[in-house]
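Structure first, commentary second.
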Amino acid sequence: MAVDETELQPGDVYHVGLFEHTLEKGWFCQFCIGILLCVNNGACFCFGIFSPYMKGQGFTYSQFQIDAVSTVGVLLSYFSMPTGFLYDRKGPAATLLVGTLLNVTGWVGMFLIFSDVFSHSVVVMAIFYGLSQLSASFFETGSVLTNLKSFSCYKGRVILIQKTFMGLGSSLVAQIYVAFFEKVFDGIAPFFVFLALYSIFAGTLGVLYLRLPTPATRCVGINVEDADTRARGGGEPRMFALPFNIGTGILCFSVAFVLLTSLVENYVHSLSLAWRLVIGVATVVLCVTFTAMIFTTPSYEVNRSRSAGDVDADDVEGRASAVHASGTISCATAANASDDAAMTKGYDRDYGTVEDLSRCAVSSVEMQCIAGLQDGQETSARQQRASPVVPWAESSVAEGDAQERLSSLNTKSLWTNLQHRELWLLWLVCFAAWSAMTVVSSNSSRIYQAVASDSFSLTVNSVFVSIYGVASAVGRILVGALYPHMEHRRIHVSAMLLVPPSLNVAGLPLFLIAPARLLFVPFFVVGLGVGFSWGTTVLVITSLFSSANCGKHYSFLYTAGMLSPLIFNLALFGPLYDHFQAKEGHGKEGSCEGVICFAVPLVVCTVVNMFAIPAAYAFYKRSSALLQMP
């Protein structure tokens with residue numbers, strides 16, 4: 001039995017009490033919890049806040065030892081395969097539970113180390129810091145991937161708002177540290193108590209309330225395309241534009257607020273405790289205001305009348321059978337048939353769809369991968385495929401007038417694609433961009449201290465962490481804003497891969513010439529490149545690979561992130577910093593002074609990014625030809 005188009009008409013908006021539960025409010029409550037989890041994940045990238053304490057009394061770590069701790073954390077944060085298997089088999093609740101346990105254990109261990117309960121050994125420090133970082137992939141997969149599926153009609157907004165908080169979260173945490181901890185407590189130990197308590201709070205909410213949609217809880221306009229959107233050929237539904245516009249506005253205001261306060265804190269060293277508290281409270285209030293999305297979301301009659309009986313198993317199987325029999329039904333019908341079949345049969349936990357940013361009604365080729373249709377239909381679909389433009393990928397003609405162009409989805413194995421230069425070009429671009437992220441974010445305090453010498457301030461050090469996070473968030477926002485315009489002008493998203501290495505080539509040398517007070521400029525430029533890189537890479541992956549093939553190729557790119565700290569931290573930054581520190585006669589308890597302390601790794605990283613620019617251009621030309629774009 002096919003779905004009647006009248007069942008997908010929004011109907012009238014009905015009014016409910018402010019705290020009265022509706023299906024729509026429930027979904028936006030889940031979205032806000034996802035934001036809290038991303039803020040929590042942002043705390044994993046605040047190493048620059050507490051790394052100065054590792055050179056303090058009782059620790060006196062060398063720079064090589066500090067880099068060893070940070071490298072363990074970076075490697076484990078990129079180790080995402082266990083997360084994928086767990087999410088595939090048990091879903092978001094189990095994934096977030098494990099992530100919460102790892103994160104809390106790590107922060108409690110760090111508290112006990114800095115409280116002199118546990119040993120100050122580098123090995124012990126690396127173990128507990130590593131556990132906190134290992135949780136990052138669990139939080140990201142359990143929250144972002146779940147909401148990408150739950151808000152399948154607004155995937156672009158999920159990336160724009162929630163994914164941005166993966167970068168902005170570190171800035172918010174830095175502001176909270178400056179406001180409530182730096183001048184109030186002696187030492188860093190109480191800050192780890194806050195991180196552990198917040199992780200328990202956000203993680204518990206995620207475990208209890210984050211769920212994938214089911215046939216009984218699907219919501220027209222959120223994860224079911226409404227009739228009006230289908231008639232327009234796809235895109236974002238208009239039904240829930242208001243709450244998402246409010247969320248986008250709050251996000252942009254938050255970025256501007258954190259950037260402004262960071263600059264004030266950078267230039268006003270005598271910032272009073274009262275002003276610190278005002279900034280801290282305002283930061284917390286900004287996070288809370290995202291709940292406005294819950295209370296402003298409209299409630300539609302179509303969703304009030306939907307129940308489990310509206311989309312039963314027989315109807316799902318019938319529509320899936322219709323797809324199998326004909327292979328020629330409309331894109332929208334195929335999307336809903338396969339989506340329901342996937343949820344009914346449990347296939348909707350396919351990890352291969354990580355951060356899939358395709359629109360709500362996707363092509364028939366994607367639906368074959370998700371629903372697991374039989375070989376007969378695949379043969380029929382292959383007969384309709386256009387000839388490949390290049391031998392790297394298989395091409396297919398997307399159904400529906402809305403597509404209006406050939407789309408090519410690579411379904412070949414990772415091993416096969418590794419034998420072609422395109423994947424390695426993309427890997428090189430990611431390696432260059434993420435190496436800049438590694439060398440700057442992991443060593444921000446050492447870079448600032450080497451330039452500032454005796455004028456080093458823990459407040460300003462935290463400000464640089466904040467500015468870096470804000471810039472990363474701005475980069476993601478710009479990617480999200482530019483993407484639809486590039487699609488409209490038929491420019492492939494891989495063109496934005498040119499931006500990160502170009503920004504790094506411009507920003508990294510500024511660390512060698514900028515005075516201490518102007519270091520926020522290179523921190524912002526490099527952070528902006530990082531945001532562009534993370535935002536663009538996932539869009540490139542999902543535009544070239546089928547849903548069932550995205551995860552493994554995205555995970556392969558993570559090897560670039562795992563290699564970067566081994567080269568730039570352990571092999572270059574740490575040993576050279578310690579060498580020049582000893583040469584200056586400062587000893588372990590002192591610090592290295594002058595740009596010579598960090599010049600070599602930054603120059604090498606700049607050269608790598610210079611090579612990445614032509615690599616990014618070559619990849620853009622190949623991918624544009626692949627998708628037959630100008």
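Cβ coordinates come from backbone N, Cα and C, glycine included.
Feature list (source: TrEMBL):
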TRANSMEM  27-50  transmembrane segment
DOMAIN    31-287  domain 'Nodulin-like'
TRANSMEM  62-81  transmembrane segment
TRANSMEM  120-139  transmembrane segment
TRANSMEM  160-181  transmembrane segment
TRANSMEM  187-210  transmembrane segment
TRANSMEM  240-261  transmembrane segment
TRANSMEM  273-296  transmembrane segment
TRANSMEM  423-442  transmembrane segment
TRANSMEM  495-514  transmembrane segment
TRANSMEM  520-544  transmembrane segment
TRANSMEM  556-576  transmembrane segment
TRANSMEM  596-620  transmembrane segment
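Remote same-chain residues near the transmembrane segment (596-620) are listed as 422, 425-426, 428-429, 431-433, 435-436, 439, 443, 446-447, 450, 492, 494-495, 497-498, 500-502, 504-505, 508-509, 511-512, 568, 572-573, 576-577, 580-581 (criterion: CB distance under 8 Å, separation of at least six residues from the stretch ends). Of the two recorded stretches, the transmembrane segment (423-442) does not lie close to the transmembrane segment (160-181), with fewer than three CB pairs under 8 Å once pairs fewer than 6 apart in sequence are set aside. For the transmembrane segment (120-139), the neighbouring stretch richest in Cβ pairs under 8 Å, chosen from 27-50, 187-210, 556-576, is 27-50. Proximity of the transmembrane segment (187-210) to the transmembrane segment (27-50) is established through 3 or more Cβ-Cβ distances under 8 Å for residue pairs spaced 6 or more apart. Between the transmembrane segment (160-181) and the transmembrane segment (556-576) there are fewer than 3 Cβ pairs closer than 8 Å, counting only residues 6 or more apart in sequence, so the two stretches are not in contact. Same-chain residues lying 6 or more positions outside the transmembrane segment (556-576) and placing a CB less than 8 Å from one of its CB atoms are 62-68, 70-71, 74-75, 78-80, 414, 418, 423, 426-428, 430-431, 434-435, 437-439, 442-443, 446, 537, 541, 597-598, 600-601, 604-605. Residues belonging to the domain 'Nodulin-like' (31-287) score a mean pLDDT of 88 in the model.
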